[in-house]
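Per Swiss-Prot, these features apply:
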{"type": "SIGNAL", "residues": "1-16", "note": "signal peptide"}
{"type": "TOPO_DOM", "residues": "17-145", "note": "topological domain 'Extracellular'"}
{"type": "DISULFID", "residues": "17-118", "note": "disulfide bond"}
{"type": "DISULFID", "residues": "20-121", "note": "disulfide bond"}
{"type": "DISULFID", "residues": "105-128", "note": "disulfide bond"}
{"type": "DISULFID", "residues": "109-134", "note": "disulfide bond"}
{"type": "CARBOHYD", "residues": "117", "note": "N-linked glycosylation site"}
{"type": "TRANSMEM", "residues": "146-165", "note": "transmembrane segment"}
């Protein structure tokens with residue numbers, strides 16, 4: 001239980017994961033320029049950069065950073081900034097939650113994994129989430145064994161009188 005609390009404290013300290021990788025892409029500077037151009041339409045642009053509820057593993061961090069680079073590049077080329085708020089909301093509400101869960105749940109996480117605190121861009125080892133948290137409603141191996149033993153026992157109990165009757 002204390003490992004879940006430690007994981008929750010760690011996840012609360014995470015911000016703007018997309019800025020930790022590929023410094024040559026200069027995502028924070030590019031996003032700041034786009035936000036300054038969109039100041040009238042989207043007042044909370046720079047506030048939306050913080051992703052305080054997420055932590056990502058190495059592969060997910062690379063995917064999100066590369067995806068954000070490509071989206072910003074398309075916006076810069078086309079000069080169309082109106083899709084920036086919808087991309088940022090999609091990133092926060094859908095993709096980061098998915099990658100965060102993927103990093104902390106089986107099969108990709110076994111025992112513990114390294115997640116990156118994006119406010120410092122340093123990796124920390126955290127324990128994986130239990131299977132019941134990752135897949136609520138699914139049965140774990142112990143419950144499957146109990147169910148299998150119950151079915152076998154019932155079959156034997158019904159089989160013995162059936163054999164005696166025959």
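Placement of Cβ uses the backbone N, Cα and C atoms for every residue, glycine included.
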**OP:** Taking only the Cα atoms, work out how far residue 128 (disulfide bond) lies from residue 134 (disulfide bond), in Å, as a whole number.
**Re:** 10
**OP:** Have a look around residue 105 (disulfide bond) and count the other CB atoms within 10 A of its CB, chains all included.
**Re:** 17
Subject >> CB contacts for residue 128 (disulfide bond) [other CB atoms within 10 A, all chains] >> reply: 19
Original post:
Going by C-alpha distance, which of the recorded positions 20, 117, 121, 134 is nearest to residue 105 (disulfide bond)?
Top reply: 134
Original post:
In angstrom units, rounded to an integer, how far apart are the Cα atoms of residue 134 (disulfide bond) and residue 117 (N-linked glycosylation site)?
Top reply: 21
Subject >> Distance [Cα-Cα, Å, rounded] between the residue listed as 'N-linked glycosylation site' and residue 20 (disulfide bond) >> reply: 9
Subject >> DSSP three-state assignment (helix, strand or coil) for residue 134 (disulfide bond) >> reply: helix
